[in-house]
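Structure first, commentary second.
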């Protein structure tokens, strides 16, 4: 099914199928009851990207059918936020009529927030010169009559800012609002509503944890900042420079004082923890000052490498957020040698697709 054809009437059925699929995938383990967290059935995605198709004077957003690989025009995109749908058609109508802006336009990316900020990236197969900047500023001025919008231009080895390259998301988590700087072309959770539920679940499962929290793959601090209230200190690692910079900004924006971000991979952190290698990035930080009894991991689809698996087995509590049931299954086969799964959750980040986000909370036996 094409994402443009989703039907809200089918939502509960597709969620039930996912619940059954996840339960079957983990039936070889002793798992607690699965907690399922639903999504809004429409307008749940905070970001979207489209290729552009030029046909004479016409210009369309297009996607490609996964079965036939044929392109099809996208006039409205029901999974995306309302503001993305509103902006994409208004912007397209203006760009179509502007030769400077439309020529060799290859792709448009949209990043929005729950408070209706939106950042639009126009991607080109041509160098962007002063004339493009002038026309892009005029386009932004027209769109700002209706929208809280910024525009970026990208081309090969080129990124042109009109103002800023980020949006500020305000995310409700229980009875508190968290502010997150989300940078263009960096990873963010696509489904803000489900992300809030995922953070509330993580807060709930760790509410009685003692000591400090270690988080690997922390991104811009999506988990680190809300979870800081449950721990004395939070020590978090991330390899991406832009994500680390955003995380530092987010710490300041939320006035949180007990989170420390380290720019290093999980593999490097294991080396540092085992005194196998020294890092200048750890200057002024003594890992022995932390009493990390809980670890949170949110790894890529490939899951955890063997060294990281061996390392986290030493922790009393493990929160594992997974975007790939297959690698979670493989990793659980190792972790279940020392830990019991006491909470198990499905987060429907990607409705109407086969993709599943899940969470497990494990405690050492």
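Just so it is clear, glycine is given a Cβ too, placed from its N, Cα and C backbone atoms.
Over in Swiss-Prot, the protein carries these features:
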type     : residues                : note
ACT_SITE : 323                     : active site, nucleophile
ACT_SITE : 357                     : active site, proton acceptor
BINDING  : 189, 217, 222, 238, 298 : S-adenosyl-L-methionine binding site
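Mapped onto three states, the DSSP output places the residue listed as 'active site, proton acceptor' in strand. A simple way to gauge crowding: the CB of residue 217 (S-adenosyl-L-methionine binding site) has 22 other CB atoms within 10 angstroms, across all the protein chains here. The Cβ of residue 222 (S-adenosyl-L-methionine binding site) has 180, 188, 189, 195, 199 as same-chain neighbours under 8 Å, each 6 or more residues away in sequence.
The Cα atom of the residue listed as 'active site, nucleophile' lies nearest to that of 357, taking the recorded positions 217, 238, 298, 357 as the candidates. Taking a C-beta cut-off of under 8 Å and a sequence gap of six or more, residue 298 (S-adenosyl-L-methionine binding site) has these contacts in its own chain: 215, 216, 217, 218, 219, 223, 321, 322. Largest CA to CA distance in the S-adenosyl-L-methionine binding set (189, 217, 222, 238, 298): 16 Å, whole number. Counted within 10 Å of its Cβ, the other Cβ atoms near the residue listed as 'active site, nucleophile' come to 18, all protein chains included. One way to see the shell of the S-adenosyl-L-methionine site is to take the Cβ centroid of 189, 217, 222, 238, 298; the remaining same-chain residues with a Cβ within 8 Å of it are 187, 215, 218, 219, 220, 223, 321.
Summarising the environment of residue 238 (S-adenosyl-L-methionine binding site), the number of other Cβ atoms within 10 Å of its Cβ, over all protein chains shown, is 25.
Around the Cβ of residue 189 (S-adenosyl-L-methionine binding site), the number of neighbouring Cβ atoms within 10 Å comes to 25. Shown in sequence order, 194, 198, 321, 322, 323, 346, 347, 348, 349, 350 are the residues of the chain, 6+ apart in sequence, with a C-beta less than 8 angstroms from the C-beta of residue 357 (active site, proton acceptor).
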